[in-house]
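Peer 1: If you look up Swiss-Prot, you'll see 1-62 marked as transit peptide. The ATP binding site annotation in Swiss-Prot covers Lys91, Phe139, Arg167, Thr173, Arg184, Asn194. Feature annotation from Swiss-Prot assigns active site, pros-phosphohistidine intermediate to His197.
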Amino acid sequence: MVGATVVSKWTPLCVASPPERNSASLNPHCSPARVNFRTALAAFRPQFRLFSRNSASRRRLRASSSAESGIFLPHLVASMEDVEETYIMVKPDGIQRGLVGEIISRFEKKGFKLIGLKMFQCPKELAEEHYKDLSAKSFFPNLIEYITSGPVVCMAWEGVGVVASARKLIGKTDPLQAEPGTIRGDLAVQTGRNIVHGSDSPENGKREIGLWFKEGELCKWDSALATWLRE
């Protein structure tokens, strides 16, 4: 029992009656003898313990609690620290539809740094070299005709994990399968007019930047926001 007045209320119930009163007048719920609470509590023992005093589980728990908490995943840490470059190209349909600013804005909001930008009419030879891995495909001639049908905007972007992140921002090749929120998912409806190109690997990022930009056309600069994007 717990309470400020529990002792005063308990005592008259459980003490022996005065000598002049007979046993019939005793409270039927109490014994005439005084109750020794310390003895009663000492007699109580828990039926089980989660860990014995020196069990292996207890020692492991103590060791883990004293160690610094944290998870170290070196492969994730390494990927998070790699500053990469990727090539992004707004295709002729993206320019005709006035989407250049929208596309640049999405990459800037993500925190990537623009280090190269130019607009020009793509010659056929350059388009064929860029898409040479697709030269055996039946749609290759139409692809080259499409890319050379109007000016393109060439961009080089820099950032931590920029290649994979840019691919996610762009969305799947088929706009109808691209997730809402991606460039293609929001702004395109057909594979043949999917607005933008992005490098599919860090190696291709370097190759494509070297293909579309001449020496001296890239601008290396320090962003004032860098400390707010990375620790």
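Note that Cβ sites are derived from N, Cα and C of the backbone, with glycine treated the same way.
Here the structure is a predicted model, which means the values were calculated and not measured.
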Peer 1: Where's the emptiest Cβ shell within 10 Å among the recorded positions Arg167, Arg184, His197?
Peer 2: Arg167
Peer 1: May I ask which residues of the same chain, at least 6 positions away in sequence, place their Cβ under 8 angstroms from the Cβ of Thr173 (ATP binding site)?
Peer 2: Arg184, Thr191, Asn194
Peer 1: Which three-state DSSP class does Thr173 (ATP binding site) fall into?
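Peer 2: Note: Thr173 (ATP binding site) is coil by DSSP, not helix or strand.
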Peer 1: Where does the residue listed as 'active site, pros-phosphohistidine intermediate' sit in DSSP terms: helix, strand, or coil?
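Peer 2: It is in a strand.
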Peer 1: In terms of DSSP three-state secondary structure, what is the assignment for Lys91 (ATP binding site)?
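Peer 2: Coil, per DSSP.
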Peer 1: So which binding-site residues out of Lys91, Phe139, Arg167 end up within 10 angstroms of His197 (active site, pros-phosphohistidine intermediate), measuring C-alpha to C-alpha?
Peer 2: Lys91, Arg167
Peer 1: Only counting partners 6 or more residues apart, tell me which same-chain residues put their Cβ under 8 Å from the Cβ of Lys91 (ATP binding site).
Peer 2: Tyr146, Ile147, Val152, Arg193, Asn194, Ile195, Val196, His197
Peer 1: Compile a sequence-ordered list of residues in the same chain as Phe139 (ATP binding site), six or more apart from it, whose Cβ lies below 8 A from its Cβ; state 'none' when nothing qualifies.
Peer 2: Gly192
Peer 1: For a quick check of packing: other C-beta atoms within 10 Å of the C-beta of Asn194 (ATP binding site), how many?
Peer 2: 22
Peer 1: At its widest, how many Å does the recorded ATP site span between Cα atoms of Lys91, Phe139, Arg167, Thr173, Arg184, Asn194?
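Peer 2: It comes out at 22 Å between the most distant Cα atoms.
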